[in-house]
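Annotated features in TrEMBL:
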TRANSMEM  57-80  transmembrane segment
TRANSMEM  92-114  transmembrane segment
TRANSMEM  134-153  transmembrane segment
TRANSMEM  165-186  transmembrane segment
TRANSMEM  192-212  transmembrane segment
TRANSMEM  321-342  transmembrane segment
TRANSMEM  354-376  transmembrane segment
TRANSMEM  397-414  transmembrane segment
Amino acid sequence: MTKDMTKGKLAPLIISFTIPLVLGNILQLTYNAVDSIIVGRFVSSLALAAIGTSNPLMTLVILMLNGICLGAGILVGLLYGAKDYRRLERQVSTALIAGTIFSLVMSLFAFLFAKELLMILQVEDQLLIEATSYLRIVSLGLVFTFLYNFFASTLRAMGDSKSPLIFLGVSAILNIIGDLFFVIVLDFGIHGVALSTVISEGLSALMCLVYIKKNVPVLNLGKRWFIFDHTMLSKTISYGIVTALQQSTVQIGKLGIQMIVNTMGVSTTAAFNAVNRTDDFAIVPEQNIAHAMTAVMAQNKGAKEEQRVREAFRVGNRIELIYGLIVGLLFFILANPIMQLFTKDMKVIKLGEVYLHCIAFMYILPAITNAIQGYFRGIGDLKITFFSSLINMTGRVISALILVFTLHIGMIGIPLSYLVGWICMLLFEVPFLFHMLNKHDW
C-alpha cells in the first residue's frame, strides 16, 4: 500500500521502508548469482566467463533505463508529497510511454550489434560466440526490465516498498526453477539461463501492472495512461537524463575495469565474474538504502518539511555505516566458501579469495558516498551525484591501468583501484554536503 512519508517518526519509517528495498535487491542478486552457480557447475567455466563478459554491457543499458525510472520516481515523490494528484497521473503516463519506446530501441540495438559491442570489450575469441548468444537473448527482455523498474520506482516513491519485493520474490523463484529446467533437464546451456531470465522479468512486470490497476486508484490506470504531456516530459528528461548519465557513468567505469580484466586470462575473468556477483551484495544494498532516503526526502521536500529532510539523511547515513561494517566482516571471513559456490577450479577460487579479502576492508567508504548521494537526489540536486560518480569512475579506471599494466600487481590492483575512486568521490562530495547543511539550503 502507498504511504504518506511526511508524517510519523522518521527512524522507524526509513528503516521499515529500507528493509524491503534491501531484501529485494539481495533477492535479485541471489538469482543472478544462481545463474552463475548453475552455469559454473553444470555447464563450464568457459560459459561462466562468457556470462561475465556480457553482463557489464547489459548492466549498462539496464542502468540507463533505471536512471530514467529513478529520475521519474523523484518527480513522483515530489508530486505525491505535495498531493498534486492530477499532475502525478500525467507524469506517470508520460514517463511510461517515453521509457517504453526508449527500451525497445535499446533492445533492438543490443540485439543487432551484440558481437561488435563485445569485441570492443576485447572479449577473447573462445568466449565470443557464447557471450554473443547470451547477450542477444537477454536483450530481448529489456522492455520488461524497464516496465518492472518503472512501476516499482513509482510505487516506492509513493511509499510502497513491500509490493515490489513480493513481485520480485515470485520472479526470482520462477527464474531459479527455469534455470534448472532449461540447463539440467533440457540441456540448453547458457541459452537456457538467458531465456529463463527474460521470462521471469516479463512476469514481474505483469504482476506490477495488475497490482497498480487494482490497488492504486490515485493513478487511474486506464485510458488516461496514454496521455503524453510535453511539459511533464521535459521535466522527466531533465531528471531522468542526469540520473541515467550518473548510472551509466558508473557502468562505463565498470566496463573499463572489465576490459582490463579481460586481458588477464580466462581464470582471472571467471574469478572477477564470481567476485562481482558477491561484491554486489555489499554495494547494491548500500545504493538502495540511499534510494530509500531519496524517496522519503523527496516526499518531504514536496511537502516543504525541511527538518524532516535533514533527519532522513542522518538516519539513513547511520544505516549505511552499520551495513557496510557488517558485510565487510562477513565477506572477509567467508571468502573461501563463497568462491567455492561458484566453481571447483582452485586457481579461480584463490584469485577470488585475494580480491574479497582486500575489498572487505573498504565497504565503509561506498556506504558514506551512497548516503550523500541519497541526500542530493532527495533534494533534487542531481548534478552533484553525476559529477561525483564521474570522478569516482575516472579515478578507478586510471589507477587500475597504472596498478595492472605499470606496476604489474595482478588482480589485487582491481580492488585497490576501487579504493582510489571512492576516496576521490568523497573529496568531491563532502564539501558540497557541508555547504548545504551549514547554509540550510535544500
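Cβ from N, Cα, C; glycine included.
Heads up, TrEMBL stuff is auto-annotated, nobody curated it.
Fair warning: this is a prediction, and the values are worked out from it, not measured in the lab.
Highest Cβ pair count under 8 Å relative to the transmembrane segment (134-153), across stretches 57-80, 165-186, 354-376: 57-80.
Counting residues 6+ beyond its ends, the transmembrane segment (321-342) has Cβ neighbours under 8 Å at 22, 33, 36-37, 40, 48, 271, 274-275, 277-278, 281-282, 285-286, 289, 348-349, 352-353, 356-357, 359-368, 371 in the same chain. Packing against the transmembrane segment (92-114) from elsewhere in the chain are residues 54, 57-58, 61, 64-65, 68-69, 72, 75-76, 132, 135-136, 139-143, 145-147, 150, 154, 219, 224-229, 232-233, 236-237, 240: each is 6 or more residues past its ends and has a CB under 8 Å from a CB in it.
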